[in-house]
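In what follows, a single structure is set out as structure tokens and then discussed.
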């Protein structure tokens, strides 16, 4: 609950409470109404079964089905349910800088959570038997590694299931459920449970309650004795009576504490909440840490708010929500954003800002739709990102590629680039379709990830064309490795591009041909060959007709 040890976690929590106080609500009445509904309507024999499941060292698909069925029953009995209300944020309610910051933080959070789920208990990671796990624990103890309290002597609890996605949103505690379980399974009066949890909640206004605090408070409130002494961990179900679950329940019972747990999110105030959250983040210099481990307070609230878009992010039932925070809250830069520098307006009247026809736009859209965003897509350009003259996108798994040219604005710089790099002659691209390169970039899918050899120019190109949402994977091969297959690629695929006809000189030696020119398309093929260790075997196939790429080669009317 407290997050990472190297940050002022509770101070961050207090600052978030103050900064988001306008969005907190009084939840005690709603929580108690749902708790009574669960007491009356829930089959607690099923609750006991699920609690036994969560104590097992290895859990199966049948165990997961029991958990999901019970979660569905709980959701049906509760009023405090989170609704699936996916949000797409655009420039307007939030500034472009705020949207960029939010997108970056969600991406970092995605990497952190995915790393945790791959490397920590709770997700199936192998086939160790119980005997092997016990033996491993004994080895660790013999080497002086003491097991922490609540970790069951190192026994790892894993989900041995077919579809790990079925685990998403099936965990996390709900105050109404915690109160109901403590009342029924502990044979306690609900009023006594409320009093004990309220005491924990009041303590939570000044510090994170710990196990020592729990021990002392249990002497006064016997109902607190039912709270487990295990430390909090990932994939703890709402049916585990953990300290974190009890503290969360207590927070909801304290009226006037501006507790984060009582925040209620509605679609019409979603952007305002995010804006306030980012403001507090800057004041306290909060951040998303990509180190594996529990979420810090900023990471926790960011994930919870962005998960459903409507409801109680901390305390409402969310088991019927699909997707993760980064799936359900997306950043859309495709509208209300000026893409690249505006074209000059000539004296005397109207000009078409987009030089392409609607039919040509449709051809581009269809071509891009054939690139699978979940598979590797190479990108390369020739010329500087501020004045590119060639663009190529290539997908190795299908052989599909998009390849186009553009007339330069800076002819002097272009000639220098031709002389020492790409070898393109101006006369060979004088009929290149105006506006095609930028429209291809604009129509690429949102948040696409492109693979490249050297990312600085690609990133700048995307930013200049209004596509900062597109990210890159830079393989950063050494030059010799990157161009190892150069001659083989040119020999096999050189006929794909006939626009590099100039002599290319070496910058290192005075005079003399430096070898093959740099072609954006063939470089993509060459980099893929360097990555795979052999030349691509799938025949490259163009997605754009030459009649669109070059005006003079028109065969059919576009």
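In case you wondered, yes, glycine gets a Cβ from its N, Cα and C as well.
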For the Mn(2+) site, Swiss-Prot lists 380, 382; sort out which one of 255, 268, 272, 523 goes with them.
523
Overall pLDDT for the region 'Binding site for the cap structure m7GTP' (54-236), taken as the rounded mean
81
Please give me the CB contact count at 10 A for residue 519 (Zn(2+) binding site), counting all chains in the structure.
27
Shell of the Mn(2+) site beyond 380, 382, 523, same chain only (C-beta within 8 angstroms of their C-beta centre):
381, 390, 392, 422, 518, 519, 520, 521, 522, 524
Of 380, 382, 390, 457, the recorded positions given in the record, which has the fewest other CB atoms within 10 A of its CB?
457
Between the binding-site residues 497, 500, 523, where is the Cβ count within 10 Å the lowest?
497
Extra residues within 8 Å (Cβ to Cβ centroid of 390, 497, 500, 519), Zn(2+)
382, 422, 423, 424, 499, 517, 518, 520, 521, 522
Would you kindly give the Cα-Cα distance separating residue 457 (site 'Important for exonuclease activity') and residue 382 (Mn(2+) binding site), rounded to the nearest Å?
10
Within 10 Å of residue 457 (site 'Important for exonuclease activity') (Cα-Cα), which of the binding-site residues 380, 497, 519, 523?
380
